[in-house]
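S.K.: So that we are looking at the same thing, I have put the structure below in structure tokens.
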Amino acid sequence: MMIAQELGIYVVESKGGAILCLLLSLLCLGTWPALMALLERRGRLPQHTYLDYSITNFLAAIFIAFVFGGIGESTHEAPSFITQLTQIQDNWPSVLFAMAGGVGLSIGNLATQYSLAFVGLSVTEVTAASITVVVGTTVNYFLDNGLNRADILFSGVGCFMVAVCLGSAVHSSNSADIKAKLGKLSGDCETVTPEECQRLFGVEEEEEEEKEMENVKEGSAAFLIALENKRAIKVLGKSMVVGLGITFFAGLSFSLFSPLFNLATNDQWHTLKQGVPKLIVYTAFFYFSLSCFVIAVALNISFLYKPVLDSPRSSFREYLSDWNGRGWALAAGLLCGFGNGLQFMGGQAAGYAASDAVQALPLVSTFWGIYLFGEYRRSSTRTYALLVGMLVMFTVAVGLLMASAGERETRFT
């Protein structure tokens with residue numbers, strides 16, 4: 001069975017069930033960034049989008065905790081989610097680990113939203129995911145006392161490192177392609193004005209301009225200029241170092257949350273008193289998501305009034321009245337919430353090092369980037385060759401990390 005009822009809670013028991021959870025998680029976690037990028041490209045403020053996303057992300061955690069962690073009889077060895085909420089005076093060290101992991105995820109996701117605009121969906125996800133795997137997987141391997149096969153696991157880590165190099169080369173080559181396209185259209189690529197966009201399309205009304213933009217060929221210079229005038233975060237002419245710096249920061253933040261969640265549920269550092277049951281996955285995920293939600297709301301309300309990276313200023317009233325794209329933002333939160341929950345459920349059974357295989361989500365994100373946004377359309381042959389190489393290495397990497405999965409023998413003692 002993939003999911004079994006054990007001592008009143010539902011747990012993933014088999015290696016096959018764990019891998020299925022990880023594959024579903026991979027699909028969810030690879031899709032939600034595409035929705036965030038879509039809204040930014042349509043002009044919705046990132047602060048508005050992230051606040052909506054945070055609400056449903058937290059609701060998904062509550063649903064998972066109550067449905068999978070609160071059904072059945074609670075015992076001392078395996079208390080239910082509800083029971084563990086009343087035991088915080090005993091299990092608070094593990095709760096703090098879980099909440100610290102949530103802070104790391106929230107800051108990482110927030111940074112990702114801005115890096116998506118600066119360096120694109122594919123390169124952002126490749127770089128951030130690879131840093132997460134290299135740092136987080138190594139830490140998880142030692143926390144799990146070698147639960148995963150080291151030879152296979154670290155071969156996968158090596159493939160991710162190669163993919164990072166190829167991803168950087170893809171971005172460099174694609175940036176050169178874009179510069180060449182814009183150079184043919186205008187001698188000044190650092191300044192894009194509405195007047196130039198109007199000259200391209202020969203329209204005056206915004207609605208007509210949007211209609212004309214749909215008819216512009218993806219990847220063309222005209223398309224790039226029209227997109228720049230429409231999007232919420234202006235990026236043309238900005239230093240590539242800014243975007244890459246944000247992406248590296250996001251990756252380092254992401255690399256912390258999985259090891260911290262591992263410590264919260266397995267207590268490898270023996271911070272709990274003898275006889276105190278470890279946090280079940282669902283309780284840890286609830287506290288993890290709670291801190292993620294609080295940090296996200298606090299930071300983004302602040303960013304409404306004091307925006308970063310030249311984003312437009314807003315207010316809480318304007319956020320409440322902004323229904324343009326809200327459904328997509330709420331959907332992104334659900335995808336991320338359920339994706340994280342599935343990752344942790346699979347990781348508890350197969351080992352958290354193997355669960356980091358979901359960091360191969362750039363495979364999914366790159367598909368959406370090419371299909372939805374026309375990334376790399378009309379690029380050079382060199383860019384296409386590097387892109388294929390990057391995707392091949394990611395495919396090999398995720399296969400190796402999943403093949404390294406072990407099975408955890410003890411969960412509740």
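Here, residue 1 is simply the first one shown, and the rest follow in order.
Quick reminder: no glycine exception, Cβ is built from N, Cα and C everywhere.
Given the structure is predicted, the values throughout are model-derived calculations rather than measurements.
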S.K.: State, for Gly17 and Lys278, whether Swiss-Prot gives them the same topological domain name and hence the same side of the membrane.
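M.R.: Same side, per Swiss-Prot.
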S.K.: Which site among Ala232, Ile233, Val235, Leu236 has the most other CB atoms no more than 10 Å from its CB, taking these as binding-site residues?
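M.R.: Its Cβ has the most other Cβ atoms within 10 Å: Ile233.
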S.K.: Can you tell me which of 51-71, 92-112, 116-136, 279-299 gets the most C-beta pairs within less than 8 Å of the transmembrane segment (385-405)?
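M.R.: Looking at each of 51-71, 92-112, 116-136, 279-299 in turn, the most contacts to the transmembrane segment (385-405) are made by 116-136.
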S.K.: Could you check if the transmembrane segment (51-71) is in contact with the transmembrane segment (327-347), meaning 3+ Cβ pairs under 8 Å among residue pairs at least 6 apart in sequence?
M.R.: yes
